[in-house]
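Here TrEMBL flags 20-255 as domain 'SMP-30/Gluconolactonase/LRE-like region'. Annotation comment: TrEMBL describes GLU22, ASN156, ASP195 as divalent metal cation binding site. Among the features that TrEMBL reports, substrate binding site is placed at ARG107, ASN109. TrEMBL lists ASP195 with the feature active site, proton donor/acceptor.
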Amino acid sequence: MPKSIFAFDTKVIRSPQAELGESPIWCHHTNSLLWVDIKKGKLFRFYPDLSDVIEIQDIPILTSSILPTNIKNFFILININGVYVLNYKTKELSIYFEFEFDNEGIRTNECQISPDGNIFISVMDKNANNPIGRIYEFNVKRKELNCIHSNLLIPNTMQWFGGGFWFADSGRKVFYRKDLNTNEIKEYPVNYIADGSALTKEGILINACWGDKCLALYDLNNSMQLIGKIIVDSSQPTSCIFSGIDQSTLYVTSAYDGLKKITTNDGRVTSIKTSFIGQPSNTFVL
């Protein structure tokens with residue numbers, strides 16, 4: 001059981017309700033939050049310091065991830081067809097690396113930039129029924145895609161901390177730590193359905209718990225000990241990211257996908273004023 005429930009000030013952003021809101025990122029160039037709706041093919045952008053207006057762009061259906069780059073208003077988008085570069089201002093989408101996956105029954109899911117600048121890309125069964133999920137490392141310099149883990153149901157969460165690569169399988173309720181030196185993998189079963197995560201500088205993993213209306217906090221310095229949780233007012237939180245303005249405000253995406261009863265806040269983004277300091281996200285260099 002959690003040791004405590006962290007009580008922080010929360011605010012629901014009146015954004016459009018996303019069927020499958022995911023992949024929140026922080027743009028340091030413009031102090032804005034971006035995220036996607038995977039199933040509806042939408043990209044959202046919110047400027048917390050400017051207004052409550054949400055900018056919306058159409059993107060390819062089943063685009064699962066947006067990632068920040070070193071160039072203002074240029075972003076990486078990833079779907080089953082490949083890695084793309086989006087010019088946000090012109091809406092131009094250009095191919096950066098084309099995938100050659102054979103299985104039409106798969107889609108991409110969690111994708112993140114590693115500390116060395118490569119992109120880790122996951123794929124999964126579209127219906128989340130079969131353990132055909134994999135995690136690939138896209139080597140930017142060599143333009144190569146190498147599988148580093150397979151036999152996953154729903155790959156989620158990708159974080160680097162303490163000499164390890166941490167990831168999850170939502171379908172099995174298991175976290176994994178892969179030692180970056182020995183490649184040894186340890187498993188950490190949990191009680192929640194682990195979706196996307198944010199990381200604090202102290203090594204606290206803040207994980208969105210699909211279907212449980214909360215974020216679970218795990219101490220990566222102490223064998224993923226569950227130290228508490230944060231309650232959110234959305235049925236299916238999907239992921240979270242720290243603001244780049246103060247590094248302590250947490251933004252949480254959510255989804256109404258599959259819900260029989262959709263509430264007002266399902267599919268919307270929640271901001272949480274925490275007492276933590278977030279680990280800055282990695283940036284892709286174009």
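The backbone N, Cα and C atoms fix where each Cβ goes, glycine too.
Apart from the site residues GLU22, ASN156, ASP195, the chain places the Cβ of ASN109, GLU110, ILE154, THR157, SER170, GLY196, ALA208, TRP210, THR238, SER239 no farther than 8 Å from the centroid of the site's Cβ atoms, the recorded divalent metal cation location. Neighbour list (ASP195 (divalent metal cation binding site), Cβ cut-off 8 Å, at least 6 residues apart, same chain): ASN156, THR157, ALA168, SER170, ASN207, ALA208, CYS209, TRP210, PRO237, THR238, SER239.
Counting only the Cα atoms, the space from ARG107 (substrate binding site) to GLU22 (divalent metal cation binding site) is about 14 angstrom. Cα spacing between ASN109 (substrate binding site) and GLU22 (divalent metal cation binding site): 9 Å, rounded to the nearest whole number. According to its DSSP assignment, ASN109 (substrate binding site) is in a strand.
Cβ neighbour count for ARG107 (substrate binding site): 21 (other Cβ atoms within 10 Å of its Cβ, all protein chains included).
Residues near GLU22 (divalent metal cation binding site) in space but far in sequence (CB under 8 A, at least 6 apart, same chain), listed by position: TRP35, VAL36, ASP37, ILE38, SER64, SER65, GLY196, THR238, SER239, THR253, ALA255. For the recorded site, ASN156 (divalent metal cation binding site), the DSSP three-state label reads strand.
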